Amino acid sequence: MRRPNSRPQKRQFFKHKRLTELQEIELLESWIEFGKPDSGSNPLSLAPPPSNAPIGRIDGDSFSPYAGCDRFDRLPLSQKTIDGLKKSEYVTMTEIQRASLPHSLCGRDILGAAKTGSGKTLAFLIPVLEKLYRLRWGPEDGVGSIIISPTRELAGQLFDVLKSVGKLHSFSAGLLIGGRKDVGMEKEHVNELNILVCTPGRLLQHMDETPNFDCSQVQVLVLDEADRILDVGFKKALNAIISQLPKHRQTLLFSATQTKSVQDLARLSLKDPEYLSVHEESATATPNRLQQTAMIVPLDQKLDMLWSFIKAHLNSRILVFFASRKQVKFVFEAFKKLRPGIPLKCLHGKMNQQKRMGIYSQFCESRSVLFSTDVASRGLDFNKGVDWVIQVDCPEDVAAYIHRVGRTARYQSGGRSVLFLVPSEAEMLKKLEVAKIPIHLIKANTKRLQPVSRLLEALLVKYSDMKYLAQKAFITYLRSIHKQGDKEVFDVMKLPAEEFSVSLGLALTPKVRFLNQKTKSKLMPAETSLHLPEISDEENLSEIPRSKEVTVGSKELEVDKGFLLTESPDEAEGQATEIEAVGLGTRITKKKKLKINVHRPVGSRVVFDEEGNTLPPLAKIADRDGGNDVLQLDKVKERYAKLREEMKPRDKEDKLLHRQRLKDKRMKEKMKMKSRSEEEGEEDLSGSDTEAAAGRKSKRSKIYFDSDNGESEGEGNEDKVKFSAESISLAEQEALALKLLNSMHS
Ligand SMILES: Nc1ncnc2c1ncn2[C@@H]1O[C@H](COP(=O)(O)OP(=O)(O)OP(=O)(O)O)[C@@H](O)[C@H]1O
């Protein structure tokens, strides 16, 4: 009885809701049309209305202005979006949101550039939601918007923000990224999704493989980190994607480092795009709350510096960038074994996706050090903030620098960054300065440096897989420098390859095959690691931005003051002395330091000096020519040369021993096989079941017996061995075989 009554009520409710929605859309369309900002204008130049000014329709056909407003609820947005924003605690707009939303809500194409961490994500997600809402997009309409991100982690992050802000809308959205196994399931549902957040590769995979996958109705295309996606690396994929999208669509491009290349934009067929670069006039290209520093660090001392830095900042969240995956793996594995006292994690593109996502969220949650390649350099917003960004290897260009340091000091929080430059990369400082990046050249407080290369040497002796990782790290680093396009900054020939390999704990310098013989011979000899950087002369020094003091205040920053010293102009007697001091300082192992050898790998040999203090295993070798000698560079080099010489015969011995062991093992296996076949019976040996059996049999007789008469080849010899398989036990056979082997080797 109740049912028939309830139906009309329900229908009434929906009818009412539909009308409201339609009315809302109508109102929004009129409001947007009424307050359209002039094409080419920047709404940021308009003063925001007073807080008590009316919002929406004022009377008849007039509406409140929205260009220039500073709060989301003053924009012509659907109630669902306003409520979604409020629930996610977004009330006031950031500059890029204020500048771009009035234009993008009108349906215009946007090229948006703003500093890292300035809120570009909402600047493109809101117009996507609003456009589809106003078009009353539903499940049967299929894909209405595609948001492309260069990395999986970033796509995942965008998807989370979309879910949070758009949770009151009824659109279906999907995350399509590589590395996920459920591609089959994705294929079944991808056509039902309204908003796709994806990486270029996975999207293209669906375009190629998924039957009936249709993107011909796409209304809004978004490229986050647009300059990266338009880069050569994604060129083919992007061209293929664009060819399957309708020409009439809205396109939104955002990045902290925007492209203006006409060629790039022509590929996207933008229509009169609004170029909104909100921080173009700003004094700096990086966030204002970011304190940026650089240090000249000889290549062979980078790991000493990094290790010391980590040990001095055990309560921080530190993101460390390297040039290659192999370096990330080596340093992560090595430092993990040395136990610095803070959790270590690593992230690179070859990790499986689940692990990648896990590491990303773990790093968001707790204090730790994350070693990463540039896979984490763009867009990622670690929710509890990153305290330090350390660039152990120089970024490939200024844009890469901006994105890397942009992982800290996001939105309204502060952050700090350190860039390590080898002396030959000092040119990078000038490039950063030209790009309006306020970076201060500092030098390390060498008293607090803790050398780590000797510990690495010990590790490599103990763990053979570490040696392999170190070799790979060495080669890939040199290769990455060799491949860099900017030859003003990167010159592989200026790198002290041998010293570098020693600093990784390698006794022998690996061969660098990708450099031809001629080039190899030109690789810098060891002493160039201490050569002056190009900024050594007074003239150039004055061009490098300096700060008199790093502004530090908190308790933790006292540690920084101890570890990092700003180079004051008074100190600049000449870069030569300073760099040399840094160079030597990091190599000096003061006895005092060695007394507490807390970094010793677990289970490693402990060596004591005459006073009963513990020393790292190789410290003894270092000191045996007299304590003061290590203070001299020549002696240090001599020591390493000696060490290498000492290691050479040991390496040979190891190889011989290894070969011998393999032989013994093979011999034992064969003996076992023989005794097994004997147990199985004569007929097996004489039978001709398979070719393999025949082969085995003939091989056996070749090794153990004189082929015809069953006598050993060594007859007549003192150690002659003559045996018959039937007459002796397996143990005896093994003993005899070993004896035979020994006699052969002797
Ligand atoms: N209007 C806002 N009010 C408060 N917080 C905001 C607002 N907009 C963005 N944020 C916060 O600012 C942080 C950075 O935002 P977002 O990730 O969008 O920056 P971005 O400009 O895309 O950075 P990147 O260039 O590194 O990709 C995020 O934590 C986000 O939640």
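From the backbone N, Cα and C atoms, a Cβ is placed for every residue, glycine too.
Annotated features in TrEMBL:
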MOTIF     70-98  motif 'Q motif'
DOMAIN    70-98  domain 'DEAD-box RNA helicase Q'
DOMAIN    101-276  domain 'Helicase ATP-binding'
DOMAIN    298-450  domain 'Helicase C-terminal'
REGION    643-721  region 'Disordered'
COMPBIAS  643-657  compositional bias 'Basic and acidic residues'
COMPBIAS  666-678  compositional bias 'Basic and acidic residues'
- Query: When the motif 'Q motif' (70-98) is classified with DSSP, how many of its residues are helical, how many are strand and how many are coil?
  - Reply: 16 helix, 2 strand, 11 coil
- Task: Pull the DSSP breakdown for the compositional bias 'Basic and acidic residues' (643-657) and write it out as helix, strand, coil residue counts.
- Result: 15 helix, 0 strand, 0 coil
- Item | Mean predicted confidence [pLDDT] for the motif 'Q motif' (70-98) | 96
